[in-house]
């Protein structure tokens, strides 16, 4: 029977054309431990069984519960009965009842093992109790599967074996193509082996032999120019094989179960107190259930509370100020070096620094005085341009000139338009052209009055008072 991949190997390189060579250390170890080739389906099924057993042990139970619920939903009583017989009556219970609380031993006596109490390390009961005789016989005949690492080292699939053989053929072809690279290494190994053997008398008499012994080991693919090859781990051959016990990585029951109520804890405490009766502690004295443990004849005291009572004195008081507080300058406070390390202290400014600050303050004061004086002069000059600021000592001609000059830069009508003014009053002004003789004869008894001229307070006053259109009778 041909092994898997034999046809592929024969196509790549015939067996007769393969150059004989010495196997390397890693290949020799692999050749000694031959793996058993399994069918692809059988290999995957065995691998799945090992992984489910070691890493997912609850899958079988969950799958049975799912089938039981589906049979109950469909009304299949026969299927429900078969599942109940196969997996027992505990299938419907999702969580087991918690075991009785374990009492921690308080003495040095050997703990007693009572009959009927379960131990954590006990093996679970076999689930094949309700199986038929034929099925039980088949399970006994089956060989138990090893661990995952052992299974992978013992068995392999057809695809993996075929791939390994193809890789071996590729290596053989590479060595045949580069035979000159490995020929020197083979010659060196042969020469090294001959040197270790005891030569005959004829060879010892030959004078042309080398005086020195070759100690440098020649290798075609050295570690300098090629990647170093792995060294076979021979240390594990002398040690006991290690394995991972996967069941120890899981809890057999929930350690944080809420089923242990306060009542059960009280029962455990009472049971522990009963066990202490008549027992002797590590100090050689009898244990009293209601008494706290003692060390050297003295019991433990309660931890003092940081918050004192109402009638007790407080731990800290701030004191009272009975007089006017007085500020103490830093220079008057004596400096006490309480710590050996360096301390921070603000020093008083030096004489040079104080003199510089004084000169800077004086220069700033002078600049402020000059600025105020210049501002005052500008204000006086602006005020002298208005008629209100005319001095009575000035001549009338000079006063008229100043008034005429100031009136060029000010518009009274414009100023009155945006400046609120009190109730306007009619001012009487003398006409600039002098007195004029009226054209009409004044009525007897009426005094001659100066014509009234109203000074408009704003340029918008009398804007809508348009002059009336003259008639023809006004020209005759």
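Placed from the backbone N, Cα and C atoms, the Cβ positions cover glycine too.
Within the list 305, 395, the entry that Swiss-Prot describes as phosphoserine is 395. Residues 292, 421 are shown; Swiss-Prot lists phosphoserine for one of them, 292. According to Swiss-Prot, of the residues 104, 110, 386, 419, 386 is the one noted as phosphothreonine.
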